[in-house]
Amino acid sequence: MPLNVSFSNRNYDLDYDSVQPYFYCDEEENFYQQQQQSELQPPAPSEDIWKKFELLPTPPLSPSRRSGLCSTSCVSVTPFSPRGDNDGGGGSFSTADQLEMVTELLGGDMVNQSFICDPDDETFIKNIIIQDCMWSGFSAAAKLVSEKLASYQAARKDSSSPNPARGHSVCSTSSLYLQDLSAAASECIDPSVVFPYPLNDSSSPKPCASPDSSAFSTSSDSLLSSTESSPRASPEPLVLHEETPPTTSSDSEEEQEDEEIDVVSVEKRQPPGKRSESGSPSSGGHSKPPHSPLVLKRCHVSTHQHNYAAPPSTRKDYPAAKRVKLDSVRVLRQISNNRKCTSPRSSDTEENDKRRTHNVLERQRRNELKRSFFALRDQIPELENNEKAPKVVILKKATTYILSVQAEEQKLISEKDLLRKRREQLKHKLEQLRNSCA
């Protein structure tokens with residue numbers, strides 16, 4: 001039943017008093033004298049133009065998907081009697097009554113929830129909001145719903161009159177309602193097309209399908225199943241096709257909207273990689289794009305800096321002269337190669353290169369000098385195990401050690417000379433003894 005909520009204590013004529021300062025009238029002329037004498041609300045200034053901007057009614061609502069309202073016309077319909085007599089059963093509702101209740105609920109809710117008042121009341125028609133062009137769409141929708149309900153109620157009253165063919169008339173009325181519902185369902189957009197993801201509620205029953213809407217639901221289900229099973233397999237966008245041809249221009253426009261919605265949803269699912277592959281199907285295999293970035297190689301000069309906190313090195317062989325020559329040759333060769341590979345530069349760039357080369361050579365010279373000090377330190381017995389010996393100490397200890405070594409050398413040379421003389425004497429004595437024995 002429609003939910004009609006009316007407030008009897010509210011006077012809708014007072015609505016004009018709140019907006020009266022916004023309407024400008026000439027003081028010499030009284031345009032609303034006749035209306036005030038008849039105690040009617042004066043019309044709004046936009047009364048002559050609101051018909052030009054009358055809005056069209058809203059699109060048809062989607063059919064209900066409840067299981068109690070989804071019985072087809074093939075099921076035997078028992079007539080309903082509001083008096084509760086024996087032939088109607090009193091407590092059972094026929095398909096026509098259920099569909100009428102749904103229609104009344106949908107229409108009544110749309111009007112009564114928008115305006116909390118009775119649509120049959122005169123104050124509802126006289127309200128200034130209805131006469132305004134911005135609110136004309138609601139009045140047009142209410143008028144359309146009321147006319148449709150009135151025609152259905154008149155048909156039901158004719159069918160409810162006592163006659164021998166009462167069951168047949170109720171069945172025909174129910175088939176009329178079912179045809180109207182199927183037409184509305186065919187005009188509506190299937191929610192599964194707009195929202196193609198499966199619902200979690202698997203226990204909810206499916207909506208009733210009429211012969212006209214069964215083809216649409218079958219085609220949409222097959223389209224969705226093919227899209228969900230292989231969303232990336234088809235490179236071309238899928239388009240929604242209906243088996244039933246469109247009857248009006250509004251149907252064709254809604255079909256175009258359905259097609260656009262479906263194309264957008266399918267194209268969003270395709271990754272950019274698949275689109276590129278679909279754009280060029282002749283390219284075979286996983287061929288990489290011809291992308292060869294320019295890599296500029298920079299020469300790396302190995303710089304060795306001594307770590308004083310590191311443990312003592314056990315390496316004793318330091319061919320300093322050869323290493324200096326080889327490193328200097330290698331660095332100069334790398335610098336010359338870099339100059340050959342690069343393009344001719346300006347004078348500033350050449351100066352920077354010279355400065356960089358000088359810094360590299362100077363750093364290499366210092367490293368070699370440091371290595372020489374380390375080698376000298378390792379040769380001194382007193383500083384052999386001292387990793388943190390300064391250079392001055394190394395030089396002093398090295399000088400002392402060299403002098404001591406030279407003194408030892410002179411001593412050993414003198415001893416050698418004495419031993420050689422002793423040998424000569426012994427040889428001469430042995431020769432004399434041999435001659436005496438002979």
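A Cβ is built for glycine as well, from the same backbone N, Cα and C atoms used for every other residue.
Record features (Swiss-Prot):
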type: MOD_RES; residues: Ser6; note: phosphoserine
type: CROSSLNK; residues: Lys52; note: SUMO2 cross-link
type: MOD_RES; residues: Ser62; note: phosphoserine
type: MOD_RES; residues: Ser71; note: phosphoserine
type: MOD_RES; residues: Ser81; note: phosphoserine
type: MOTIF; residues: 100-108; note: motif '9aaTAD'
type: MOD_RES; residues: Lys143; note: N6-acetyllysine
type: CROSSLNK; residues: Lys143; note: SUMO2 cross-link
type: CROSSLNK; residues: Lys148; note: SUMO2 cross-link
type: MOD_RES; residues: Lys157; note: N6-acetyllysine
type: MOD_RES; residues: Ser159; note: phosphoserine
type: REGION; residues: 201-294; note: region 'Disordered'
type: COMPBIAS; residues: 251-262; note: compositional bias 'Acidic residues'
type: COMPBIAS; residues: 265-277; note: compositional bias 'Basic and acidic residues'
type: MOD_RES; residues: Ser292; note: phosphoserine
type: CROSSLNK; residues: Lys297; note: SUMO2 cross-link
type: MOD_RES; residues: Lys316; note: N6-acetyllysine
type: MOD_RES; residues: Lys322; note: N6-acetyllysine
type: MOD_RES; residues: Ser328; note: phosphoserine
type: REGION; residues: 335-357; note: region 'Disordered'
type: COMPBIAS; residues: 335-346; note: compositional bias 'Polar residues'
type: DOMAIN; residues: 353-405; note: domain 'bHLH'
type: MOTIF; residues: 354-363; note: motif 'UBR5-degron'
type: MOD_RES; residues: Lys370; note: N6-acetyllysine
Any idea what the Cα distance is from Lys370 (N6-acetyllysine) over to Lys157 (N6-acetyllysine), rounded to a whole Å? 117
Can you count the other CB atoms that lie within 10 A of the CB of Lys370 (N6-acetyllysine)? 14
Can you tell which of Lys148, Lys157 has the least company, meaning the fewest other C-beta atoms within 10 angstroms of its C-beta, among these recorded positions? Lys157
Using the alpha carbons only, what distance in Å do you get between Lys157 (N6-acetyllysine) and Lys148 (SUMO2 cross-link) once rounded? 14
